[in-house]
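The active site, schiff-base intermediate with D-ribose 5-phosphate annotation in TrEMBL covers B:LYS89. If you look up TrEMBL, you'll see B:ASP32, B:GLY161, B:GLY222, B:GLY243, B:SER244 marked as D-ribose 5-phosphate binding site. According to TrEMBL, the D-glyceraldehyde 3-phosphate binding site annotation covers B:ARG173. The feature domain 'PdxS/SNZ N-terminal' is assigned by TrEMBL to B:16-220.
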Amino acid sequence: MVNRDLPRVGVLALQGAFREHRRVLESLGVQVTEVRLPADLAGLGGLILPGGESTSMARLMDEYGLWDPLRDFHASGGALWGTCAGAILLAREVEGAPPQFGGQQRSLGLIDLGVRRNAFGRQVDSFQVPLAVRGLDAPFPAVFIRAPALTGVGEGAEVLATHMDTVVLARQGRVLACAFHPELTGDVRLHRLFLEMVRLEMARLEMVRLGMVREEPAQEAVPAL
Amino acid sequence: MTQTPHTQTPQTGTPALKEGFAEMFKGGVIMDVVTAEQARVAEAAGATAVMALERVPADIRKDGGVARMSDPRMIREIMAAVTIPVMAKVRIGHIVEARILEAIGVDFIDESEVLTPADDQFHILKTDFRVPFVCGAKNLGEALRRVGEGASMIRTKGEAGTGNVVEAVRHARTVLGEIRALQARPAEELMTLARDLQAPYHLVQHVHAHGKLPVVNFAAGGIATPADAALMMHLGLDGVFVGSGIFKSSDPERRARAIVKAVTHWQNADVLAEVSENLGAPMTGINIDSLIPEERLAGRGW
């Protein structure tokens, strides 16, 4: 059932596992918009960038001019969560870009970390493992599929989970990045966390609008885990 | 940072990993390529994966003879050339070709009717493998038999190498129509229906409960234009394979990019009109009515 108190959340629906995120969000009562063009961002409090192929999604973001609208969405208070390929799109820099692109792959730079594509190997090396996540009581069933590693986490970002000494979940302000696929497991805890980030940021923006608080760094607007 | 120690070691090759990987291709285009250079063109155009093979289906048709798994060296060269997943084909029932592809680290295996079958009665037991498989199907029973053997992805067979979408449409409408008909039936009729479909009972129950196949369902066989690709999405499939349609056309790069855009924006007729313009000549194509039964590839598979 739709809960109208919850903010509307978008899922970038260019390619990949966007329906799975949509299904989890809807099971939590959230109204979901599939985002394919810049105009689809209107009225959203948060946006999930799903798993899929980062090079395919980047190509489609080029074709329909989504890069700047997504940065504007973030700048105006939108929360973002990238899972796997989505985390690659959010990163500051991308290692392991296609050789033919001269090792360069475009990314949004909305979270202060790098990513290394396919860091855990090819599909035959894909794995699932119970993952200890900071702030969660019990391990999270994490599914890693040709997963990237989060590398070079800057001072602004906070590490929330590691696997074999590699960072796989991190947060900076209202941006969350993970190397695995919470949408495939039926465990909704990380989706709930993201919704709380969206809700708190929207509440803060409303208070700013009403003049009840002054502008403050977004960092403090996210829930403590 | 509160760290609970890992009590379990990582698992690989599970159904969740294989089927979850297949989910990542949705809304995307998987392109047949025969050289590393073509693979690079496909990757730059936005392909979600490439299918590495020695001859595209149109040439297999033309050349005749036995079509087998491609040379592993050629597949490795393509794997080295791109960062997107690489798929490759084995003959129906050829367990050893599949073991070879798994050993070289191919990301997905297509047990394909486009190659000459190695076994005229049995398919590979795909649950035995760590690498996921995609298989073709003309109808729901065939799709569920393949899933029962462990396929992680289903595609229509279509009629590969013809540039004619009619068979892919027929197979998509058949599978999806049979799913809709199945959903309308009461639970007590499902066992008899499983008998009629020649499909595993538990998978018939799954389709009845969820209204869809247990794995992703792609279009393949005869897709030659952005409009063809969008048509298959409109019918309710999850994404498309394009075989001969791209590199047998006059401007592969442009056509590849157009088909990628058409699959994402299949509901947006303005985008489809824009991407369909000025693509140059598509592959010539074959009228399927003129094929003699032995030339039809879709009949292969049991």
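Each residue, glycine too, has its Cβ placed from N, Cα and C.
Structure with TrEMBL features highlighted.
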{"residue": "B:ASP32", "record": "D-ribose 5-phosphate binding site", "CB count, 10 Å": "29"}
{"residue": "B:LYS89", "record": "active site, schiff-base intermediate with D-ribose 5-phosphate", "CB count, 10 Å": "28"}
{"residue": "B:GLY161", "record": "D-ribose 5-phosphate binding site", "CB count, 10 Å": "27"}
{"residue": "B:ARG173", "record": "D-glyceraldehyde 3-phosphate binding site", "CB count, 10 Å": "13"}
{"residue": "B:GLY222", "record": "D-ribose 5-phosphate binding site", "CB count, 10 Å": "31"}
{"residue": "B:GLY243", "record": "D-ribose 5-phosphate binding site", "CB count, 10 Å": "28"}
{"residue": "B:SER244", "record": "D-ribose 5-phosphate binding site", "CB count, 10 Å": "26"}
Q. Within 8 Å of the Cβ centre of B:ASP32, B:GLY161, B:GLY222, B:GLY243, B:SER244, which other residues of the chain have their Cβ, at the recorded D-ribose 5-phosphate site?
A. B:VAL56, B:PRO57, B:ALA58, B:VAL114, B:ALA160, B:THR162, B:GLY163, B:GLY221, B:ILE223, B:VAL242, B:GLY245, B:LYS248, B:MET283
Q: Write down the Cα-Cα distance for B:LYS89 (active site, schiff-base intermediate with D-ribose 5-phosphate) and B:SER244 (D-ribose 5-phosphate binding site), rounded and given in Å.
A: 15
Q.
Measuring Cα to Cα, how many Å separate B:LYS89 (active site, schiff-base intermediate with D-ribose 5-phosphate) from B:GLY161 (D-ribose 5-phosphate binding site)?
A. 15
Q: Specify the nearest of the binding-site residues B:ASP32, B:GLY161, B:GLY222, B:GLY243 to B:ARG173 (D-glyceraldehyde 3-phosphate binding site), where nearness means the distance between Cα atoms.
A: B:GLY222
**Q.** Helix, strand or coil at B:GLY161 (D-ribose 5-phosphate binding site) [DSSP, three-state]
**A.** coil
